[in-house]
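Novice: In case it's useful when we look at the structure, here is the feature table from TrEMBL:
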- 14, 20, 21, 94, 166: NAD(+) binding site (BINDING)
- 149: active site, proton acceptor (ACT_SITE)
- 159: active site, proton acceptor (ACT_SITE)
Ligand SMILES: NC(=O)c1ccc[n+]([C@@H]2O[C@H](COP(=O)([O-])OP(=O)(O)OC[C@H]3O[C@@H](n4cnc5c(N)ncnc54)[C@H](O)[C@@H]3O)[C@@H](O)[C@H]2O)c1
């Protein structure tokens, strides 16, 4: 441990169970000396085990639906009060598509479902930042990170409308990141993570085949949730102060691959 986040305060969205990327990030942030508030949607709290994580990391839990401005305002007010000052880091680790959940094919999208998934997975990031911005709740040189996936740039059919949501999320990071950077000296980035076996990940059709394919395509293999937590901590630390408006691939090299030898081996006829 390096004390990279000593004295820093934050909010971590999206820890559902111990597989969640946000869960691992909270554990690492605690190890690195940060104090933070954990939050998740009220419904997820009942299903998940967030209280266990809160106890382990000595943190409080404040429920908030990330699509509700009222909930977010309450969260930010209470978090700054509990933590005793403005925030240095925020992790947005939230994703959900109703079309994916209900197995509606992309070409048959139910647009009420599309709108709900877009609000939860993408617009919520704008809402979180807008509440932080208006309340002036971030310290200078603070860091805001959201998690995304490469389907924002390239076609992965089974990712369905989450691909569109991620493209929108990444654009919000740049657009809001401009204002947060120039007005408040706060950086905003997205981390584009490898497929990872979590509740959200496993909801995607054909996930097992896909994770195995990505593993064979990536020169360093897939990045795990634990490794994603490590990378996120580096972005919350003072070692990355001038990194902003970026979509940062954390995927063992997958995003720059055309084909790998081990994938070719399936197709080469002797
Ligand atoms: N698992 C993967 O393969 C993978 C790959 C790349 C990016 N990501 C992204 O990482 C992030 C975290 O997902 P994960 O894989 O850890 O899965 P996860 O299921 O553990 O986390 C998703 C979280 O979103 C929360 N959430 C859903 N609706 C919400 C709402 N209205 N308000 C507040 N929170 C809400 C859920 O309760 C849950 O905690 C997501 O943005 C996901 O798209 C995941």
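Cβ coordinates come from backbone N, Cα and C, glycine included.
TrEMBL entries are annotated by machine, without manual review.
On a predicted model such as this, the values are computed, not experimentally measured, just so you know.
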Novice: Those recorded positions, 14, 20, 94, 149, 159, 166: which ones have a Cβ sitting under 6 Å from ligand 1?
Specialist: 14, 20, 94, 149
Novice: May I ask which of the recorded positions 20, 21, 159, 166 is closest to residue 149 (active site, proton acceptor) if we compare their C-alpha atoms?
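Specialist: Given the candidates 20, 21, 159, 166, the nearest one is 166.
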Novice: Using Cα coordinates, what distance in whole Å links residue 159 (active site, proton acceptor) and residue 21 (NAD(+) binding site)?
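Specialist: It is 18 Å, counting Cα to Cα.
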Novice: When DSSP states are folded down to helix, strand and coil, where does residue 159 (active site, proton acceptor) land?
Specialist: helix
